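> Here it is: the structure, laid out below.
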Amino acid sequence: MEEESNVTSSPSTPVQRLRHRKRSSTEVLDGDKVSASPLLVNDRNKYKSFMVRTYSTLWMIAGFVMVVYMGHLYITAMVLVIQIFMAKELFNLLRKAPEDKCLPGIKQLNWHFFFTAMLFVYGRILSQRLANTVTADQFLYRLVSGLIKYHMAICYFLYIIGFMWFILTLKKKMYKYQFGQYAWTHMILIVVFTQSSFTVANIFEGIFWFLLPASLIIINDIFAYIFGFFFGRTPLIKLSPKKTWEGFIGASVTTIISAFVLANVLGRFPWLTCPRQDLSTGWLQCDADPLFKPEPFTLPAWIPGWFPWKEMEVLPVQWHALCLGLFASIIAPFGGFFASGFKRAFKIKDFGDSIPGHGGITDRMDCQMVMAVFAYIYLQSFIVSQSVSVDKILDQILTNLSFEEQQALFTRLGQMIGNS
Amino acid sequence: MHKENTGDAPSAHTPRVRHHRKRNTDVVAGAGKPNGSHLLVNDSSKYKSFLVRAYSTVWMIGGFALIVYLGHLYITAMVVVIQIFMARELFNLLRKAHEDKQLPGFRLLNWHFFFTAMLFVYGRILSQRLVNTVTPDKVLYRLVTSLIKYHMAICYSLYISGFVWFILTLKKKMYKYQFSQYAWTHMILIVVFTQSSFTVANIFEGIFWFLLPASLIVINDIFAYICGFFFGRTPLIKLSPKKTWEGFIGASITTMISAFLLADIMGRFLWLTCPREDLSTGWLQCDPGPLFKQETHALPGWISNWLPWKEIYVLPVQWHALCLGLFASIIAPFGGFFASGFKRAFKVKDFGDSIPGHGGITDRMDCQMVMAVFAYIYHQSFVVPESLSVDKLLDQIITNLTLEEQQALFMKLGQVLQEKVIGS
């Protein structure tokens, strides 16, 4: 979805690379006409940069595949590490060194809020699974249940301590900077933790629901780059002059098709489709969800006669994958536009420089964040509810509640549905 | 907790410091020594301002009592109205008129996000009660349960359309202003809606859990003012030069004692202690629960020797009220300090001017906001912990099962429970 300048970057980089145009002024001179110079099609050094980008992309994808193979807990650890680096990048972004020297402890305050947010968000998402992991040990179970019960109070208490610490360290003439940093910290933590907690929630519903959205974003980026490389002519949006409509549309079509195909491929592995109910790391067994059972599908009559197959085996999940692909190609790129606009607004080139040739982690993750949130909400609204059955809920009621609670639930349910 | 030398109600915090000191230079000049010039004790025209403030305070308390009498739904409406005004004040605060002219539709974007946040937050808090209100009617019930089921998806779509709208309206050379406004909008909405949704959740658990924390903040303010008026000498914090330690400590003690007493008085009214399970407005009947039943405590020997009573009757909720009082006097004032520091940082005198003589609504609500969040979390963690999992499962039942499935579940559960009763 982008045509990139002629510097070392991988295809999964959205607009951020734009900045590099300033760095490599020599290449700009090589361009023919001034108006056509941003487009990659006219750039002669593009083949060299293409090789460099492909190389780094392959390394990232390989590392990713290995972590997926190792399992849910390792993927979660990877997500956590990524978000720690992302938060560090973003914390440092709008920090000003001279003010910081007068304010000892401001970094610690940021990390205090980071730790509180992590405890709050992961506590909520993983509490049920943590409880399931420690059921064997009576003492641990009671400890964990107690922690879960008072989880909100503990996190609030930690937050209030940070709040009071902030107020007590307000220094004359530094008020505006400190309040700005405080607000910035909150925005960062909200952005980073919402999407990473949703990512982790998706992982535990089944690696499929993490792998498919992430792959679609990568495919979208790669094919937008490729289509722009060969066919890009019409600029897409003023915010990102290197993106073109040809790249956008080509990538959209490819993404939706690959969503359909990829869902079929990924849906055949229980390792990817089974939800994990606790925090173990071993092999997974589960009853295949009806979503992943193949169903015969007759092609509609308007498909031309030369098409070899009249019937296909379709996993119902492939239709959901089409929706995910549609979102990944049309809406998720706005995450990239947002990051682009943000960097122009604050006149920064990249969010960081952790990944050589790519910029920072946030540059990699901007579209992924928007996609992860959508995937979680889609999953919770349209998919999880279908797999919840009367028997499953009855099971939960009988195992999780005490007898009095079961009776209370029974009474309230009766009132709700209108029986006496 | 502060001394003031102009017409303000006692519930006004340090924000008054800012502009009144500058407005009434003659008053400051009239004070004695430079060190003590800030303190109200030395201020000669303080009696006049005291009357003006008391007058407005009485009016506000009167209006408040009327609404409490009217009931849960009206209090919620009052909270919603207050938060609309607060959001408007805060939206306008850091807006620059010059840039705004070039960005048509930007204000509309703010209100779009406001509406989305309201739908999201109140939808979550009130979903169970909405379901209970439409129980008799099958069609409405199905409609409401499906709205609840897709509630998160609806709010997310609204948010994403706002996000896309924001990006498509980014204008060259205005990027920084627009991004700052976007971040500012998010911060405002988070601050305003977290505390107001928690307030509404408290209201429906029982007006007691809204009235007591709010009253404690008001009492704390009033007595900080009074104690500072008569005894204030030592400044408390650089952020708010008019606050003193005497005011702070006097107010803390008074707040805790009144927490204990108020809980006793309020706990006797069913109207205040019963939770409301639906969105009706009529009279409430309920079993108040063990918290509001009197227990007898025998006074220890050394007290009962010189007091006429041998035992006291205490509602268990009074001990919880002590914790609320402690928080209201020690921690909640930091909300006021925060607002104070914020206004100094951005060189604003007041958040607005809706309330004559007081500034804006946010000036009134700064400590209330911190207290409301604490009251909600305290209530959920320490007062009513048991029914949480029941609520969660009921939520799942509402959102995930159709009406027929719910009825099937009801019958199966009934059978299982009957077997248990017979078998035990």
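Including glycine, each Cβ sits where the backbone N, Cα and C put it.
Sharing the features that TrEMBL gives for it:
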REGION    B:1-31  region 'Disordered'
TRANSMEM  B:58-87  transmembrane segment
TRANSMEM  B:108-127  transmembrane segment
TRANSMEM  B:147-170  transmembrane segment
TRANSMEM  B:182-201  transmembrane segment
TRANSMEM  B:207-232  transmembrane segment
TRANSMEM  B:244-263  transmembrane segment
TRANSMEM  B:317-339  transmembrane segment
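So that I understand the layout, could you describe where these features sit and how close they are to other parts?
Listed as Cβ neighbours of the transmembrane segment (B:58-87) (distance under 8 Å, sequence separation of 6 or more from its ends, same chain) are residues 9, 11, 114, 118, 188-189, 192-193, 196, 199-200, 203-204, 207, 210-211, 218, 271, 276, 279-281, 352, 354, 360-362, 365.
Residues of the same chain lying 6 or more positions beyond the ends of the transmembrane segment (B:182-201) and with a Cβ under 8 Å from any Cβ of it are 76, 79-80, 82-83, 86-87, 90-91, 94, 109-110, 113-114, 117-118, 121-122, 124-126, 166, 210, 368-370, 372-373, 375-377.
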> Look at every Cβ pair spanning the transmembrane segment (B:207-232) and the transmembrane segment (B:147-170), keep those 6 or more apart in sequence, and say whether at least 3 of them are under 8 Å.
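Stretch pair does not touch.
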> Restricting to CB pairs under 8 Å, which listed stretch, B:108-127, B:147-170, B:317-339, is in contact most with the transmembrane segment (B:244-263)?
B:317-339
